[in-house]
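Going by TrEMBL, these are the annotated features:
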DISULFID  72-78  disulfide bond
DISULFID  83-89  disulfide bond
SIGNAL    1-18  signal peptide
């Protein structure tokens, strides 16, 4: 009986798992990554220095997008990828930025896309537990491995989201 309870709890824990995203800035300048809707803890955006990284958590059931804003000032006004809400975005960006899209719901769906435009290269790299290769958009023509296509991994997989 105890085995069945443990099995059921373990099964549902995997289905309802949150997902960790390590955001990395490989650009030569600071960027302001943004998430809409906001990630766990109300994180809609933040400044990220060149060479720096920061981890965010996407809750179970999350469906949204991330993008890198460039040329931002301290009030959150940016040359590319601007959004309402300043540094902590409260709405999606207008057309222009390269997107990283995630749906976390029993199975993770993710893709980089230039459907709204292109501003900087984006790569999504799945972590341990997923055999899917990294997917990337490297230019406005949709070049890169898997740009615009949808990839999948088991929910609970951690990802690295790299800009530039």
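Cβ atoms are placed via backbone N, Cα and C, with glycine included.
Nobody curates TrEMBL annotations by hand; they come from automatic prediction.
Each of the disulfide-bonded residues 72, 78, 83, 89 was ranked by the number of other C-beta atoms within 10 Å, and first place falls to 89.
Residue 89 (disulfide bond) falls outside any helix or strand according to DSSP and counts as coil.
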